[in-house]
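Undergrad: Positions annotated as ATP binding site by TrEMBL: 14-19, 47, 107-110, 168-169, 198-200. Among the features that TrEMBL reports, Mg(2+) binding site is placed at 18, 47, 107. If you look up TrEMBL, you'll see 36 marked as active site. According to TrEMBL, the feature substrate binding site maps to 40.
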Ligand SMILES: Nc1ncnc2c1ncn2[C@@H]1O[C@H](COP(=O)(O)OP(=O)(O)OP(=O)(O)O)[C@@H](O)[C@H]1O
Ligand SMILES: C[C@H](N)[C@H](N)CCCCCC(=O)O
Ligand SMILES: [Mg+2]
């Protein structure tokens, strides 16, 4: 058996990759593993603890390295004088998990081109040999058009498949930019908008989280989301 592998990247850090990863895990059919190749910032519990809390457990989680400083993995590893997590190491860990699970989700650190090692290794260098698609998480508001377009352009440049975008945190009171972005993100990036998780979703857990995850992810990602739910800009 070898399950599917999906990478989850973002337009940057703090855009909601962890919440989206947890939502994908919560709505997936079959066994799920979540791989966080490198977790930086040891003051926090770490993304996998967050994923376990939101999903209520029942999934496999694997963190390959934990670094003290809340920085890019390569920089944090260098400052500790420990070996970094290389793309090759990410590939072998993802392959091992895929041999035993129906779905492997790989959550990167920060945005797409964040360095993992000092030889220029990045998340795409692991996704390419695996032939894995890369989902892009973006913010809702002003600035998302540019950073989402740049991220998708880089994925195309590397011949990686991008199924689409998911907004990590859709505001309770969306402003004009957020409402317009729903319309313009697909045309500006050339990939569909495949969901939007409501602000506050990250504080939910178990069945409550699963219900919100289903409502916030498109059918192609295992949910029931309909872009029309966000409302058209006037
Ligand atoms: N839909 C949401 N509901 C509630 N909180 C959210 C949501 N999306 C993001 N957040 C909050 O915003 C912050 C950043 O989100 P998150 O940790 O998921 O970012 P990230 O993209 O995974 O960043 P990193 O690069 O550190 O992995 C967190 O404090 C998280 O709880
Ligand atoms: C610490 C933070 N939450 C992430 N884990 C790492 C983000 C690295 C971003 C590096 C950069 O793009 O400058
Ligand atoms: Mg995260």
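Yeah, the Cβs are placed from backbone N, Cα and C, and that goes for glycine too.
Relative to the rest of the structure, where do these features sit?
TA: For residue 14 (ATP binding site), the number of other Cβ atoms no farther than 10 Å from its own Cβ, over all displayed protein chains, is 11.
Within 10 Å of the C-beta of residue 107 (Mg(2+) binding site) there are 25 other C-beta atoms, taking all protein chains into account.
Residues near residue 36 (active site) in space but far in sequence (CB under 8 A, at least 6 apart, same chain), listed by position: 46, 47, 48, 61, 62, 63, 64, 106, 107, 109.
DSSP assigns residue 40 (substrate binding site) to a strand in the three-state reduction.
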Undergrad: According to DSSP, collapsed to three classes, what secondary structure does residue 108 (ATP binding site) have?
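TA: Reduced to three states, the DSSP call for residue 108 (ATP binding site) is coil.
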Undergrad: Counting across all protein chains shown, how many other Cβ atoms sit within 10 Å of the Cβ of residue 169 (ATP binding site)?
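TA: There are 21 such Cβ atoms around residue 169 (ATP binding site).
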Undergrad: Where the criterion is a Cβ under 6 Å from an atom of ligand 3, which of the binding-site residues 14, 18, 47, 108, 110, 199 meet it?
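TA: Cβ under 6 Å from ligand 3: 18, 47.
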Undergrad: Output the one of 16, 108, 110 that, of all these binding-site residues, has the highest number of other Cβ atoms within 10 Å of its Cβ.
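TA: The largest 10 Å Cβ neighbour count belongs to 108.
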